[in-house]
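**Student:** Copying in the features that TrEMBL gives for the protein in this structure:
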- 12-36: transmembrane segment (TRANSMEM)
- 16-404: domain 'Major facilitator superfamily (MFS) profile' (DOMAIN)
- 56-80: transmembrane segment (TRANSMEM)
- 87-106: transmembrane segment (TRANSMEM)
- 126-146: transmembrane segment (TRANSMEM)
- 158-180: transmembrane segment (TRANSMEM)
- 214-233: transmembrane segment (TRANSMEM)
- 280-303: transmembrane segment (TRANSMEM)
- 323-345: transmembrane segment (TRANSMEM)
- 352-376: transmembrane segment (TRANSMEM)
- 382-403: transmembrane segment (TRANSMEM)
Amino acid sequence: MINTTNEGSKLYLYSITSVAILGGLLFGYDTAVISGAEKGLEAFFLSASDFQYNKVMHGITSSSALIGCVLGGAISGIFASRLGRRNSLRLAAVLFFLSALGSYYPEVLFFEYGKPNMDLLIAFNLYRVLGGIGVGLASAVCPMYIAEIAPSNIRGTLVSCNQFAIIFGMLVVYFVNFLIMGDHQNPIILKDAAGVLSVSAESDMWTVYEGWRYMFGSEAFPAAFFGLLLFFVPKTPRYLVLIQQDEKAYSILEKINGKTKAQEILNDIKATAHEKTEKIFTYGVAVIVIGILLSVFQQAIGINAVLYYAPRIFENAGAEGGGMMQTVIMGIVNIVFTLVAIFTVDRFGRKPLLIIGSIGMAVGAFAVAMCDSMAIKGVLPVLSVIVYAAFFMMSWGPICWVLI
């Protein structure tokens, strides 16, 4: 039974925010699933008969979800305002689910199973773009939903949990990919004197034709669970005020905050709900530019290359088992360092953590480059990559969202 006393119900609050946080987990899951699947996917399309699959095409295919991320992020504000926060998350769940099934079985209805061609490559990329749109929506709407539901005294903590869920989603899919791979080995890809790629006949063909499908398809389960749970969470009070449903907004606020505070919070929402967006410029153009640049640099410093290609990087660095176990270890380290950021940001401040993180990332990246130039294999390059990722997770990863 929901407690609607003067204290409100913490159980109700944590239940609905946990559902929203699942969107963050799917964000991380969809982002990192490609890391275990990309080499098998490359080998699959290398066997196409109607075109020559190359590194440029593979780079586009591996990162095609990012196109959707851009689109999803661009339209997230419109959808959140027109459809509402909850319905936008439902749409994201549907997109995650369709992307997972489509990436698992891109041949559905139109193509012969297991016969790669250019049309199938385009279809696969379109399914990945759908998932990327889901990521773009979730990246904006999940923290928005949490911020509009949570009381002000714990809002920052609950929003930070969304960032933690993103990293946890990456760890989950690293582990799922590891379990799916099992005793199988990544395919062996050869390059001839002309630079043309081909798949060695000694490759494990299960990873070429099946393994990557299960990795992409595994996302359908958390996506369906997320979509189902969204039928049991309310619309946010702020959105209800925007659509002139003040009584429903008050009812939700009462369940979360108790009767005493509910009316006060509702009055605050009504006072600010219809403010014009032009008000953000009163804080100064420099602040806005800095916020934009922080987001740009967060993506430009190379973390996505590590997240997308971690197993291949570790394998090239000399790791055994295709680098899958080392990727799981990196995911665990990322979780630990994200928690470090969450629990120390208020004590040490945003700027010091960004500076420390930048220095640590520079050291890790420099060590990786030196190991590559000196042909050093083994523990040192693997450790250097993990150091680079860890310092990102305790600085630029979560702190940029806090600053913005």
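Cβ coordinates are placed from backbone N, Cα and C, and glycine is handled just like the others.
What TrEMBL says about a protein is an automatic prediction, not a curated fact.
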**Student:** Which residues of the chain, 6 or more past the ends of the transmembrane segment (352-376), have a CB below 8 A from one of its CBs?
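**Tutor:** Distant Cβ neighbours of the transmembrane segment (352-376) are 301-302, 317, 341, 344-345, 384-392, 394-396, 399.
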**Student:** If contact means at least 3 Cβ pairs within less than 8 Å, sequence distance 6 or more, would you call the transmembrane segment (382-403) and the transmembrane segment (158-180) in contact?
**Tutor:** yes
**Student:** For the transmembrane segment (323-345), which stretch among 12-36, 56-80, 126-146 has the most Cβ pairs under 8 A?
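**Tutor:** Stretch with maximum Cβ contacts: 12-36.
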**Student:** Given the transmembrane segment (87-106), which of the listed stretches 56-80, 126-146, 214-233 has the most Cβ pairs that are under 8 Å apart from it?
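**Tutor:** The stretch I would name here is 126-146.
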**Student:** Would you mind listing the long-range same-chain contacts of the transmembrane segment (56-80), meaning Cβ under 8 Å and 6+ residues beyond its ends?
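**Tutor:** Residues packing against the transmembrane segment (56-80) from afar: 30-31, 34, 38, 41-42, 45, 87-88, 91-92, 121, 124-125, 128-141, 144, 239, 304, 308-309.
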